Amino acid sequence: MASRPAASSPVEARAPVGGQEAGGPSAATQGEAAGAPLAHGHHVYCQRVNGVMVLSDKTPGSASYRISDNNFVQCGSNCTMIIDGDVVRGRPQDPGAAASPAPFVAVTNIGAGSDGGTAVVAFGGTPRRSAGTSTGTQTADVPTEALGGPPPPPRFTLGGGCCSCRDTRRRSAVFGGEGDPVGPAEFVSDDRSSDSDSDDSEDTDSETLSHASSDVSGGATYDDALDSDSSSDDSLQIDGPVCRPWSNDTAPLDVCPGTPGPGADAGGPSAVDPHAPTPEAGAGLAADPAVARDDAEGLSDPRPRLGTGTAYPVPLELTPENAEAVARFLGDAVNREPALMLEYFCRCAREETKRVPPRTFGSPPRLTEDDFGLLNYALVEMQRLCLDVPPVPPNAYMPYYLREYVTRLVNGFKPLVSRSARLYRILGVLVHLRIRTREASFEEWLRSKEVALDFGLTERLREHEAQLVILAQALDHYDCLIHSTPHTLVERGLQSALKYEEFYLKRFGGHYMESVFQMYTRIAGFLACRATRGMRHIALGREGSWWEMFKFFFHRLYDHQIVPSTPAMLNLGTRNYYTSSCYLVNPQATTNKATLRAITSNVSAILARNGGIGLCVQAFNDSGPGTASVMPALKVLDSLVAAHNKESARPTGACVYLEPWHTDVRAVLRMKGVLAGEEAQRCDNIFSALWMPDLFFKRLIRHLDGEKNVTWTLFDRDTSMSLADFHGEEFEKLYQHLEVMGFGEQIPIQELAYGIVRSAATTGSPFVMFKDAVNRHYIYDTQGAAIAGSNLCTEIVHPASKRSSGVCNLGSVNLARCVSRQTFDFGRLRDAVQACVLMVNIMIDSTLQPTPQCTRGNDNLRSMGIGMQGLHTACLKLGLDLESAEFQDLNKHIAEVMLLSAMKTSNALCVRGARPFNHFKRSMYRAGRFHWERFPDARPRYEGEWEMLRQSMMKHGLRNSQFVALMPTAASAQISDVSEGFAPLFTNLFSKVTRDGETLRPNTLLLKELERTFSGKRLLEVMDSLDAKQWSVAQALPCLEPTHPLRRFKTAFDYDQKLLIDLCADRAPYVDHSQSMTLYVTEKADGTLPASTLVRLLVHAYKRGLKTGMYYCKVRKATNSGVFGGDDNIVCMSCAL
């Protein structure tokens, strides 16, 4: 992918000019030799230099050049023309450099031919005066004769712009009409350099963040308000502002919608191309390219062109009367240019900014020039995609009507995002704009009873009002300048924006909504309030201030480098201090009455706080003739979960754990869905999990190897004695002794195995965990009091008893943000893990617990779960496949760095004076042993660091007992717009149907790769084929070469599941909790799924030593009717983050 020229070599990417290298003699010299005099020396080059040649027209008196390109179809209207002259070089000039008028460029003609196309590029200082153009924008004419006579009109236009693509395919009716000759520019362009969220450049966001707003009112900059902490080697080197600000004498909409601006990319994300450097504020403004095109073509357009100097018939004051008058003044022009009203809105907003007092917490929110500019950007981009955009209504300057207009746009165009990554981003921008229309003032937010901010946090925020106001202004401006950085928060995508709007942002005051800035201020501010002195030293290298710690957390949260769990996102900073995600309850109840008491008290209290629960019911084992079964108690639990979720905006759930020798195991396997025999036994709102001893799989393997009459024995409470309390060899000796004594009911082992896989394939559960592996690798010996269960999502390993419940607080790091220029940045990963460990320790210290048992579990072990999200996204950004040797090595490397960084940070807290967790002295850490040392195949690459940590750990201790837990990140991965957890993408086009309609979430990286590979009719055919094959590239394009880039875009169903199990096993030495590993299987062509498929996968997971053998089982139907993964009415939002 071509990138913007490096600051140190601005001519590096130029194509030859006039037969010379761009770094050679000036274009002025070449132009004179060709008889084409220029007022200034200008080099011209294309950002994508693949075969592009800029040639002198060699016409006496001409001020034009021709582009010769053998791959002009790929370049097309998105060819980023960059001028290297006195003002605009390969990068912005130093602020003190002398200014001169910037040239403009307009592509005026395209020639088609098998040997390449040509385009006339007209140069000028400022255009000649046209109707409606102010006297300040006059220029000398470009002689039509110099261009060899009037050229034919452009092949097609996009919203007033012109396109240079030769493609002659018919456009899909959904994008603009049956008779249009070509499709949307998105399908023609090469997104690699023009799209602001290109996969290779978005990793510069965190570096660009600190430079993004150098011209906020009052001289405030983002650097002043929030220093960037990134020190990556790939930081952009820029000498001036990233984007030219809209100064008081500069119209924000100089370029008509759909028309390329100076040096702009007609398919790019803004009127000013993000990759093309732009002149400093105050420099001569580039002319309207549409006027230049008229000059070059000799056309006479009677339509008035509205510029900075347009004289409106009413004052620059937004009132209903003035807005209606301007609408009448513009007349039919607003139908041709839907965003035309926005120029008036922008100029009025600019005038209002001059009148209003400086911003404070009490300042009422208002729509600013930046907000209208954001809307203009979105409308221009949609026009470039050939969408029929409705005009901006005259009353859209009012928040309510702007919200209605945005909703109309989003609902109307969201079905089309499956074909356009850019549209997916643009609709996300619009949703963020809709969120802004519901903002309240900071003062109203601080006082809100519904938000209920922590009192200490409120005081701190008031103490730092001036800094926070500057930061808010800087970020507002920064997010509106989305074309100044590859991938800002507002441009993460439609699903990300909707997730904020619908779930994470708090409602208050009837119709107000917490802003994204306020949400992250609440979280980061609270973390800064509760950070200890030791934490400040670790984070900042010195004690530091509250404001410095606030910046430390805010930057990493706002940039999605670290992501708190869902309870933390919703509750941190409020007086509702419940931030724990996972609870493990083992009431050890042996009777129906005791089990019901545990459910209605202990479990109900946790559900009331929206916690996800793993409940061990192994001890209640009285099923038999004339005795009670556990099923009536589970029916009560099922109803309790359903009742809690009915009124909850954040549904949760419970999972019951029992071992496979429990007499009720067969009933539990039949309690969900179509397998439930009678209604009294149906429990559709809870999950089940089997706590499998090694002995079961040893016998199952014997059966699979051909041994006959292999049996398994079920025991009740009276005969099972203490089987649940032992593991490993002790369990096997006791179990076999009971069999010899003749106790229990013997069944063929294949009968139970078949029941397990039948239930899993039909309902998605039971989940499967390996009891011996969990206990074998725990931090202390559990023989005689074996760990008996896990949490709702099977990734937490924690002891629980009648007196103490297991509790875990979660956070995750976004691995996709660690990819920098197709390189994985382990320094950034270490920084993110460190910040996440500090955040979770503050959560452990601050959180309330719903029961005394939970309080004991939280305080004694201080267990944390640091997870990951975006592993597959990072893999794709790096250009790798999960099957490649490079990725498999990276997979182990990432896991090791995460555990090492987490343990080093936890140890550093103890070095700084914090107490080790209460059970440290009985743990293996006291003896200097690590989790990975129990895995014979583990080969750590940081042996020196591990040895230093060992010595420090034995001397000072660890603040936490456990560290890494790889949970599903279903919710938070949506706001980050990355793949969930460590799993491959479930599908390349995710569809979610709600009462508001269907929302699609495409794999934008795949869409961009498709646009690089195909064009025209072939691209549309490929997308149709993907639709028919559930967006599986392997099925839709089976003829691709094995090394083709598109081969990387496999879904979870396309991968060999044994490979995914092996990847989990490779990470296992460095995952001291466990991993929520889902299995993805596909039916055979006849619609059947052999039981042996799942059985052999479970056996493989057992042999590889995993703790979790199967979280969900998801089955892809052979009939193209979708994917079944159990009951979709229950969604775990606790440890699913």
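Placement of Cβ uses the backbone N, Cα and C atoms for every residue, glycine included.
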Q) Do you know which of Thr566, Thr595, Thr987, Thr994 Swiss-Prot groups with Ser581, Cys582, Gly612, Asn791, Leu792, Cys793, Thr794, Glu795, Pro968, Thr969, Ala970, Ala971, Ser972 in the substrate site? A) Thr566
Q | Stated Swiss-Prot location of region 'Disordered', expressed as one of 1-32, 65-96, 929-960 | A | 1-32
Q | Given ranges 43-63, 64-84, 799-819, the stretch to which Swiss-Prot attaches the annotation motif 'RIP homotypic interaction motif (RHIM)' | A | 64-84
Q) Going by C-alpha distance, which of the recorded positions Asn791, Cys793, Glu795, Cys808 is nearest to Ala971 (substrate binding site)? A) Cys793
Q: Give the number of CB atoms, excluding that of Thr566 (substrate binding site) itself, located within 10 Å of its CB.
A: 27
Q. Restricting the comparison to the recorded positions Cys582, Asn791, Glu795, which residue's C-alpha is spatially nearest the C-alpha of Cys808 (disulfide bond)?
A. Cys582
Q) Including all protein chains displayed, how many Cβ atoms other than that of Cys582 (substrate binding site) lie within 10 Å of its Cβ? A) 30
**Q.** Spatial neighbours of Asn791 (active site, proton acceptor) among the binding-site residues Thr566, Cys582, Thr969 [C-alpha, 10 Å]
**A.** Cys582
Q) Looking at the recorded positions Asn791, Thr969, which one has the fewest other Cβ atoms within 10 Å of its own Cβ? A) Thr969
Q. Cα of Cys793 (active site, cysteine radical intermediate) to Cα of Cys582 (substrate binding site): how many Å, rounded?
A. 9
Q: Express the distance between the Cα positions of Glu795 (active site, proton acceptor) and Thr969 (substrate binding site) as a whole number of Å.
A: 12
Q. Can you tell me the three-state DSSP label for Cys808 (disulfide bond)?
A. strand
